[in-house]
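According to Swiss-Prot, the protein has these features:
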type: ACT_SITE; residues: His89; note: active site, proton donor
type: BINDING; residues: Phe23, Ala57, Phe58, Glu59, Ala81, Val82, Ile83, Phe114; note: 5-amino-6-(D-ribitylamino)uracil binding site
type: BINDING; residues: Ala86, Thr87, Arg128; note: (2S)-2-hydroxy-3-oxobutyl phosphate binding site
Amino acid sequence: MPTVTEGRLIAKGMKFGIAVSRFNDFICSRLLDGALDALTRSGAEGKDIQVYRVPGAFELPLVAKKLAVSQRFEAVICLGAVIRGATPHFEYVSAEVSKGIANASLDTGVPIAFGVLTTDTIEQAIERAGTKAGNKGWDAAMTAIEMVDLLRQI
């Protein structure tokens, strides 16, 4: 039988940095609420969570990487919302944010959870920020907790 290792969802004693976009704040504030709720319900204390507000989703990768290399956090959580409009701006921003966050995590070895919504409509974003489709901020926080614990075991 193979040995299977997976992270536990216990955040006690873990330190988290959260980078959250101010753009589309009516969505991002709900994502932040979900992430904070997940962290505290899983045992994290307020003193172990730092929130950093960035202008928009495009700025998330840089701040995430800076937080990761600071060695003050065991995981970083990125929260934002990119909603499609009438121009190709959506494609450029969502692609660069996704790549930038992934690269920051791979470059630093620090888990950086992706809680950035990329939706076609405002309604879809609202659904994913705490209504019909759950809260992706919560999901990103749970991913961060699990990854910290898993990496501790490796």
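Placement of Cβ uses the backbone N, Cα and C atoms for every residue, glycine included.
Overlay of Swiss-Prot feature records on the structure.
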residue	record	DSSP (3 states)
Phe23	5-amino-6-(D-ribitylamino)uracil binding site	coil
Ala57	5-amino-6-(D-ribitylamino)uracil binding site	helix
Val82	5-amino-6-(D-ribitylamino)uracil binding site	strand
Thr87	(2S)-2-hydroxy-3-oxobutyl phosphate binding site	coil
Phe114	5-amino-6-(D-ribitylamino)uracil binding site	strand
Arg128	(2S)-2-hydroxy-3-oxobutyl phosphate binding site	helix
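When Cα-Cα distances from Ala57 (5-amino-6-(D-ribitylamino)uracil binding site) are compared across the recorded positions Thr87, His89, Arg128, the shortest belongs to His89. Sequence-distant neighbours of Glu59 (5-amino-6-(D-ribitylamino)uracil binding site) (same chain, 6+ residues apart, CB-CB distance under 8 A): Ser21.
In space, Phe58 is the closest of the binding-site residues Phe58, Ala81, Arg128 to His89 (active site, proton donor), judged by Cα positions. Fewest other C-beta atoms within 10 angstroms, among the binding-site residues Ala57, Ala81, Ala86, are seen around Ala86. Listed in sequence order, Cys78, Ser98, Ile101, Ala102, Ala140, Thr143 are the same-chain residues at least 6 apart in sequence whose CB falls under 8 Å from the CB of Phe114 (5-amino-6-(D-ribitylamino)uracil binding site).
Its own atom aside, the Cβ of the residue listed as 'active site, proton donor' has 11 Cβ atoms within 10 angstroms in the protein chains shown.
Here Phe23 (5-amino-6-(D-ribitylamino)uracil binding site) comes close to Pro55, Gly56, Ala57, Gly80, Ala81: these same-chain residues lie at least six apart in sequence, with C-beta atoms under 8 angstroms from its C-beta. A Cα-Cα distance of 12 Å separates Val82 (5-amino-6-(D-ribitylamino)uracil binding site) from Arg128 ((2S)-2-hydroxy-3-oxobutyl phosphate binding site). Least packed by the Cβ count within 10 Å, out of the binding-site residues Val82, Ile83, is Ile83. Cα spacing between Thr87 ((2S)-2-hydroxy-3-oxobutyl phosphate binding site) and Phe58 (5-amino-6-(D-ribitylamino)uracil binding site): 16 Å, rounded to the nearest whole number. Counting every protein chain shown, 18 other Cβ atoms lie within 10 Å of the Cβ of Phe58 (5-amino-6-(D-ribitylamino)uracil binding site). On a Cα basis, Arg128 ((2S)-2-hydroxy-3-oxobutyl phosphate binding site) lies 20 Å away from Phe58 (5-amino-6-(D-ribitylamino)uracil binding site).
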